[in-house]
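First the structure, in the form of structure tokens, and then the observations on it.
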Amino acid sequence: MNDSDVVIEVRDLTRRFGDFTAVRNVSFAVKRGAIFGLLGPNGSGKSTIIRMLLGILPPSDGGATVLGKDAYVDSESIKPRVGYMSQHFSLYADLTVRENLEFYGRIYGLSSERLEQRKKAVMDLTGINDFVNQLAGTLSGGWKQRLALACSLIHEPDLLFLDEPTAGIDPVARRHLWDLLFELSGRGVTLVVTTHYMDEAERCTDVGYLYMSRLLVLGKPGELKALPQITPEGTKRYEVRVPRATEQLSMLRQQQGVRDATLFGETLHVLIDESVSPEKLKEHLGLSDQEVELRPISPSLEDVFVTLTANAEKEGADELKEEIAEELSDEPGEAQVGPTSMPKSVAKRKPGKTLFGLWAILMKEFFHIRRQPITLFFMLVVPVMQTIIFGYAIDTEIENIPMVVLDLDGRQHAREVVAAFLNTRKFQLEQRVYDSESFHRALTSGRAKVGLKIPPNFSDQLLRGEQVQLQVLIDGSDSQVATTAQSTAQLLGLNLSMGRAKSVAETLSVAPARDENGEIALPIDTRTRLLYNPDLDSAHFFVPGLIGIILQLVTLFLTSFAIVREREHGTLEQLFVTPVGRMGLLLGKLFPYAMIGFVELLIVLSVMIYAFGVPVNGSILLLLALSMLFMVCSLGLGLFVSTVATTQLEAVQFAFIIMLPSVLLSGFMFPRSEMPLPIYVITFAIPVTYFIEILRGIVLRAADFWDLIPSVLGLTLCGLAVLSGSVMRFQKRL
Ligand SMILES: Nc1ncnc2c1ncn2[C@@H]1O[C@H](COP(=O)(O)OP(=O)(O)OP(=O)(O)O)[C@@H](O)[C@H]1O
């Protein structure tokens, strides 16, 4: 074989998965224009070989050259010339036939003009014109396969890999597909096809049969049928047509001189010793001449593979392989490997153009979003609802604590005390009771959180100038409520006492202190002034933080699925065999979500300003710019999840793992300064921590860029770490 005719050359190709060897020392060559069929039972290693030839799976040993270059090391430069139709439907179900074709055209870098030409050519070839505007997911099995073929041909490849292209489609569709393959082969395209169908194997120019990860036999169908192992010397092969063939099969197998008998539809293929005449065979079957039809046949490929599999089980696959190789070496087939030496291709891959295909991916993502309005709803409407619901729900101002009152005095002074409690607005009279049992029951039942007990001689003791005790019982279950109740009660007690003390002190010549008007006053007057949020409105504090949390929630969850969804649908494998660059793929997936995230940010900011009355005191432009920085970080985090997770369920779980510390440790709910040191250190690794600082700084305190430098630096570092982590983790290989 002329070297320039060799399109694929494989030598000692081996692939192990842990201890399991999926492909063992496989060698073969494929010449230009051939239809090379790879056959073998399920799990024999066909797809694994194709993946290695496509450069998306590194070999463990040995290597291959495809179109004259190393299949793994130079895979990126081979990809533009190779097409791949994978075993499972791996196009975008929510894109139309036209959109799928255009996407694949763009990803191979076809110009608009060329794309139009190629689209027409492949649509004419596959006859898919009538379905151009139909969603790919709604096509029937046969048309899906034609679309997949059309997409794999859009860039006019020289070499096409088809992994079980006819699996699950009807015989007519199968025949049509094969007609297309013949046409392609006629145009000089080299085809490598895996199949389980023997009639398809017969149509190949060369066939390799894999058994238990070894390439058992390799040659042209005619050569394989002529192998002495298939019809050993002294034997003949007949096709036997009998009534009830299935019943006759077991009888035949038990007859002396019958080496093998296999059912082929309604007939039996029998290999018998030449010593057994056709008459004797009919006699064995106990059937009349009219009932049995017998004709000598040459073996079919199915006979070849059934016999070889049986022999391999008996003799051992390696022994049989050597034996056959010797037989075939007498009359070398064109698919045999020449004596060239092959480099081991486990070296590092040469990178391709990293941003290649960005535009194609970007457009595709927008198409997906357009077809899934629920994504837009999730991104734009849900955050607003969340902001409103959480913004109102998370109100830390504690008021109207239910209070039970047991007033055993009942006179003017006692009533004034109760009124003073209620006037603080921190307490609300839930119940007035008249005995201790009801008093305690109100507290234990949870109806009241605070119990005020006024003793029977409260007024008398007060008037006599004696110290009198007010009992305030507080339910400590909810520490925030209890703390508020406690401090309010203590302050109130102090104020009431002060009022009484003041009226007594008026009569004294020496007072503890006097104010500028000469009135009795406390010696030390502490004056506090609240800055930035003078009304202590909790919405002012929480809503900006909430924006950070919601922005992260939505962007993280959406991008977490970006890669993993393609992996699960099988479309990622299809993308890997195209020349799309790593960054092109990643950024193409990020941009659309970043844009929608920005719109979402504007909406939630408007809700904050107009619905909650929280104005942005600082620069809105600075806020938007730093929000974009945060968004890059959050989208990168989602992308990282997508590269780590192998299923969408795993992605959700990872996203939750990230979300939890973001909510609890970022300072959104609890002050970071109060956290134990190890936890406090962890909070520096949470991007939303910095963003919440930035949001609160700009919105509440009118902080400028210089005030926010530490947070901006932290956020930038987080963003860089996350993005470079995702890019490094994401390899264009399985
Ligand atoms: N990533 C992987 N990790 C572990 N094992 C794998 C992996 N990929 C393939 N295998 C195993 O390698 C063997 C060969 O798989 P492969 O898909 O190549 O078989 P096949 O001949 O194409 O089978 P089928 O006809 O069913 O598609 C199988 O046992 C499979 O389970």
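First residue shown is number 1, and so on along the chain.
Cβ coordinates come from backbone N, Cα and C, glycine included.
Nobody curates TrEMBL annotations by hand; they come from automatic prediction.
Feature list (source: TrEMBL):
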type     : residues : note
DOMAIN   : 8-237    : domain 'ABC transporter'
DOMAIN   : 498-733  : domain 'ABC transmembrane type-2'
REGION   : 326-348  : region 'Disordered'
TRANSMEM : 374-394  : transmembrane segment
TRANSMEM : 541-564  : transmembrane segment
TRANSMEM : 590-613  : transmembrane segment
TRANSMEM : 620-645  : transmembrane segment
TRANSMEM : 651-670  : transmembrane segment
TRANSMEM : 677-699  : transmembrane segment
TRANSMEM : 705-728  : transmembrane segment
Tell me if the transmembrane segment (705-728) touches the transmembrane segment (651-670). I count contact as 3 or more CB pairs below 8 A, with pairs 6 or more residues apart.
no
Considering the transmembrane segment (705-728), which listed stretch of 374-394, 541-564, 590-613, 620-645, 677-699 counts the most C-beta pairs under 8 Å
620-645
Answer key: the stretch among 374-394, 541-564, 590-613 with most Cβ pairs under 8 A to the transmembrane segment (620-645) is 541-564
Using Cβ atoms only, state whether the transmembrane segment (677-699) and the transmembrane segment (374-394) have three or more pairs under 8 Å that are 6 or more apart in sequence.
no
In this predicted model, what is the average pLDDT of the domain 'ABC transporter' (8-237)?
89
